[in-house]
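Under the heading domain 'Ig-like', TrEMBL lists 46-130, 145-239, 247-340, 346-433. TrEMBL lists 445-545 with the feature domain 'Fibronectin type-III'. TrEMBL lists 553-729 with the feature domain 'MAM'.
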Amino acid sequence: GETKVLKLKNLRPKDFADYTCQVSVRNVCSIGDKSVTFRLTNGTAPPMIRLSVNDTVVVDPGQDVQLTCEVTSGFPPPNVTWSCSTGKLPLSALVRGATLILRAVTPTDAGLYNCSAVNNVGNPARKNVNVVVRTMSNLTFQITPDSNKDSESIQMGRDLKLSCHVDATPQDKVNYTWYKNAAPVFNSDSLILLRSDPDMAPGTSSLEIVDMKFRDLATYSCVANFPGSRIPELRVDVNISQSSVSPPVLSVPPGGQVVNVREGGTAELVCLIVDGKPRPPILWSRTEKDLLMPAEKTVVETPDGRLRLKNVSRDMMGAYRCQTAPYNGLNIKRREAQVQLNVQYPPILDPVFQDVRYRNYQMVTLRCAVLRSNPPRLTDIRWYRNGEFIRMPMPDLKETPEWKFKLEPTNNGSYECRVSNTVGTSTCTFNVSAQPYDAEFYFDTPNPVRILKGNNYSYTLQWTQRDPEATDRIIGYWINIRKNKQSLLSKQIDLKGKEPERGVLISHTIADLKIPLSYEVRLAPITTYSTGDYISRIIQYSEPYTYPRPSDNVCAFEDERICGFSQDRSDIFDWTRQNHLTQNPKRSANTGPETDRSGTKEGYYMFIEASWPRVQGDKARLLSPLFNVSSVRGPKGSGRVPYCVSYYYHMKGKHIGTLNVLLRVRSIASVDTVIWTKTGHQGPDWQKAYFDISPSGPFQIVFEGIRGQSFEGDIAIDDVSITIGKCKQQNTVASAVLIGGSRSLPLASWLTFGLSCLLSLLYR
């Protein structure tokens, strides 16, 4: 994503030449180098363009539109492209060189079209054309009595205003013409034409009748059109007489104030205009402002006042407002009414399903709570066991349904509580059992594999028991070992009277497994009366590695097994094992080590590659083997074992990010703590760091490399050592930065400080 720029200042004749930009990712993922060549001449110039049309083009639907983007200058010859602000060009669009042709345009083709000319010299040249497709629909009228007199009817001697509005594009290009009894209307003392009425919605034309006389009683017509357009004109007629105009009367039919409907059904809400001329449409909305009508609309118009709702849900329940529209009728105070929609649904119960575990011969109480119900009155409550009706006295329908019984081996099973109202029935289901809960495998067992004689190995299986006290005492486990779905071993693990405890690991060693085969292990708890469900996992052979061994005081990563270290699967990228002989010859010269810490070309080290596709902030984590501190006892009087962690690091480059060293302690959940950190360039040489740790449980050391701003940010580590006991004092202070702690200075440093003070006093 980076852009590289070459700037040439004070051009000379010899600067006119071919320039090549070559890009390399050093063959990462077998991606080869790429290059582009640019020719610079004395005629090189940025592009300039002009359009064959104005900035805005207005056309009728069905017409063809031709837009030409003419290149007036630019060398090398610019490449011209067309694009549309709404996304892709219309399917009917045809591009011929610098010309864009839109065939038989429709309103959906309207929008901003952009012409761009690019020749990689200076900035691209761009021009925009706004294509407007004429549309016109929904012509409405309003009759406004004399507003100064608060009148709601036509009266002689008072003013009257007729208004006309059409939804159109472009709105300001619509032409309105008024007629009185088919004769054109012109401005006079008694008739005033307003091309755009400021008291109405934009684009509304009005005709004001001043001091109305009998001669003004007539049929008035409003005609809307686009001059010179092929779009048909729209016309509306309004008959003005004392008998043809009267205020509307809105009414809800008897019994229609509340509409009951079952959830999922269809409802019809009705508001009728029983009197008034002309009769306007009816607008429906929710009385609560935050609630929307179906199809996510705030208002729904109905010509006959009937609102039809399909697939009704309970969230549609509530009050609905119906009111007269302010158009196609008298523009007066709106008439309105309300209709209540009551959605009926079966009872809502809690719990819908519950797994209940008890000891045998204990009392069990099952409760099925009714959260909501419409209608709220319940009609029936029945209990079933394994599908069979339980005969019992009729329960009180006003109380929470419950069933009490003593759990025995014969009455384990599925219990249902079916609660009904007049709409339907809902069910609470309880799976009641004395069966123990499933065991839960523990997957982080340190070094579970042990080598036996010959080609055999053993595996230490560990697990915990979920809620062991919920049911009868667990006396053992069935273990079944399978290979390719064929049973190899099935036996009972006897706990010898020791009951499982919550969160405490249980171990069992499986012997005589064949290298390198993997096996399916199935495990189920056993009580006096029943056996639990089996859980399953796959165990497989992995080369055991005990680290550190006496021969591995220092891990120099010379072996491909890298001393049992592993890559973290949750990071962004991985650490790489490398030496001088395997380095990419096209690697960045200003970052990373030339050799390992020992200085030999054959010696290996681990490093993070900061080049593409890495970006700033990407993390790579390298995990040490797991150390099981429970097998080692700490110093006398101490409950924890000290360990010394030491290593060498290399952080050379102007874009170096961060190297963190974390302590990961394994328990029920792993906890990572930053122990050491370095950021930025640290010089061209390998540096040593070391520190003490006293972990509280099994642990790993995590080396986390974080990529810096750019590609010159390779970080490397080598000669890692993790040994039991505190670190020995060094001649110089280690370069570690301890998080949340401090390090005491070595004895030599204190002696140096004291000697300096003594010499200072003698000098004085």
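The first residue you see is number 1, and the count goes up from there.
Glycine is treated like the rest: Cβ placed from N, Cα and C.
Note on the domain 'Ig-like' (346-433): DSSP counts are 0 helix, 51 strand, 37 coil. Helix, strand and coil content of the domain 'Ig-like' (46-130), in residues and according to DSSP, is 3 helix, 50 strand, 32 coil. Mapped onto DSSP helix, strand and coil, the domain 'Fibronectin type-III' (445-545) counts 0 helix, 58 strand, 43 coil. For the domain 'MAM' (553-729), the model gives a mean pLDDT of 87. Across the range of the domain 'Ig-like' (247-340), the DSSP-based residue counts are 6 helix, 48 strand, 40 coil. Here the domain 'Ig-like' (145-239) is broken down by DSSP into helix, strand and coil counts: 9 helix, 42 strand, 44 coil.
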